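Asks: Quick one: the structure is below, and I'll ask about it shortly.
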Ligand SMILES: Cc1cc2nc3c(=O)[nH]c(=O)nc-3n(C[C@H](O)[C@H](O)[C@H](O)COP(=O)(O)OP(=O)(O)OC[C@H]3O[C@@H](n4cnc5c(N)ncnc54)[C@H](O)[C@@H]3O)c2cc1C
Ligand SMILES: NC(=O)c1ccc[n+]([C@@H]2O[C@H](COP(=O)([O-])OP(=O)(O)OC[C@H]3O[C@@H](n4cnc5c(N)ncnc54)[C@H](O)[C@@H]3O)[C@@H](O)[C@H]2O)c1
């Protein structure tokens, strides 16, 4: 589907005279992707122009990763107050000031914002123009009263919440991630449509901060993750009181502020506030891509080298339609620096990209899930498992529910799934292993400090050699022989 809107009129007939800019690298969009190219290219000596039509830092800083993780942290504190009994600490019902929790999220944004600011980038020598950019031909972009031509152009315009055309939605007040973090009144009952990472993270944060929460999911909640591990997260969320309804595609929405009804093919649900979290759409409407010969459907078409169908133009981050994460945006940025500055080839991989859903327990994934690995590798696949109930640190912390699965083919891990406390930190080791195509022996050779959660990785890796060593008649025979002769 071509989502492109009519080209915008950006050249004013009677306005300030057009300022012509010739630059080495033009970056459109100052989110995680665009900022990493701009910072890298400029510090390596290129003349860089950066366009940003709205907020420096893009989604992640302003209404994505940063405020969501800050709100999750607030919820975690509230939950700790309720759950001290097993440690001999009397549980108390926390008094939550929802607006103050949002204030915490705002302060976190303000603390990080200088890193992404116009001042910092101008300090790095980048020419920053606070305007939206629109192509007028293959090599030219107009932004406000600037006409810019560049040797290379990088589109890094990101994505926005996708709001599906659901009957009645236009007449009902609803939130997306772009407005949720400004909401200061505590929802009495938050309805969330969509059981992906946004939906599940915000569901848990809100139940812990004292709202009722219902997640309405059309298919399977956390459906992109390993179902066995996702189930452990969903079980915990349900135990905390989140109502999760699956197979419930929202068909009709009605009501008014404070009293909203969502009808689905699996029941009708009522709440005070509504959050739409059903995925993203690429920000391409303002770009006039056709004028530049850049093909697109819902996202911009790119090859593994992140080049568009216009050979001088790259598309990176969310707008390129692949994995939509901040670290992918940064990785794309670093990848295109090579061809743009040095004319050298570079390709982006996806097989070594981890992702984490910051629920409690966290769920982390890299490479293939068990089902994907089975389909790709059949009987050559070995799945190594280790439960957190065997990890002394997890037991001491009262957090012994978790599981790591390592998918190994011919001695090399091709995927790892972890659910449990700090899964997002634990996946880092496996990101190193898979990025460098290391063998499983690299992990068994590691000495892990005791007692740490990280020992789950070593224990899982050990499962690879355990049957080969402990169940082998040959090994037993060799040991018997040596022992007979050893003085
Ligand atoms: C609620 C939420 C939580 C998330 N949590 C995480 C997380 O924990 N970890 C993680 O890795 N990812 C997370 N993500 C995903 C992450 O935010 C995105 O993958 C990341 O922001 C993508 O970066 P980007 O630079 O491609 O795009 P964006 O951050 O969207 O930046 C694009 C920028 O381009 C600007 N722009 C658009 N069009 C134009 C134009 N024509 N001219 C000039 N400027 C333009 C926009 O204003 C914007 O500032 C989360 C997302 C959401 C919504
Ligand atoms: N921790 C993280 O890294 C993190 C956190 C949040 C978001 N993100 C990024 O943002 C992206 C978007 O997240 P998301 O949760 O909005 O999208 P998503 O696409 O991952 O999940 C959306 C869910 O909504 C469901 N859905 C769609 N239409 C529906 C309908 N009419 N009724 C009921 N359910 C419906 C889908 O079946 C799906 O499960 C993620 O894919 C991820 O890349 C990352």
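These residue numbers are counts, starting from 1, taken along the chain as shown.
Each Cβ is built from the backbone N, Cα and C atoms, and glycine gets one as well.
Annotations in TrEMBL come from automatic prediction, not curation.
Keep in mind that what you see is a predicted model, and the values were worked out from it rather than measured.
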Asks: Looking at TrEMBL, 194, 195, 196, 197, 198, 199, 200, 201, 217 are annotated for NAD(+). Which of 123, 125, 279, 293 sits in that same site?
Replies: 279
Asks: The FAD site in TrEMBL lists 69, 133, 157, 158, 159. Which one of 318, 351, 360 belongs there according to the record?
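Replies: FAD site check in TrEMBL: besides 69, 133, 157, 158, 159, the record includes 318 out of 318, 351, 360.
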Asks: For residue 60 (disulfide bond), which residues in the same chain are close in space, meaning a Cβ under 8 Å from its Cβ, but six or more apart along the sequence?
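Replies: Correct list: 31, 32, 66, 326, 329.
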Asks: Taking DSSP three-state, what's residue 159 (FAD binding site) in: helix, strand or coil?
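Replies: Once the DSSP labels are grouped into three classes, residue 159 (FAD binding site) ends up as strand.
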Asks: Can you tell me the three-state DSSP label for residue 217 (NAD(+) binding site)?
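Replies: Residue 217 (NAD(+) binding site) sits in coil per DSSP, no helix or strand.
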Asks: Between residue 198 (NAD(+) binding site) and residue 158 (FAD binding site), what C-alpha distance do you get in Å?
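Replies: Here the two Cα atoms are 16 Å apart.
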Asks: Which binding-site residues from the set 194, 196, 217 come near ligand 1, judged by a Cβ under 6 Å from any of its atoms?
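Replies: The binding-site residues passing the 6 Å Cβ test: none.
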Asks: What three-state secondary structure does DSSP assign to residue 65 (disulfide bond)?
Replies: helix
Asks: Between residue 69 (FAD binding site) and residue 200 (NAD(+) binding site), how many Å separate their Cα atoms?
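Replies: Here the two Cα atoms lie 12 Å apart.
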Asks: When DSSP states are grouped into helix, strand and coil, how many residues of the domain 'Pyridine nucleotide-disulphide oxidoreductase dimerisation' (353-460) land in each?
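Replies: Taking each residue of the domain 'Pyridine nucleotide-disulphide oxidoreductase dimerisation' (353-460) in turn, the totals are 42 helix, 33 strand, 33 coil.
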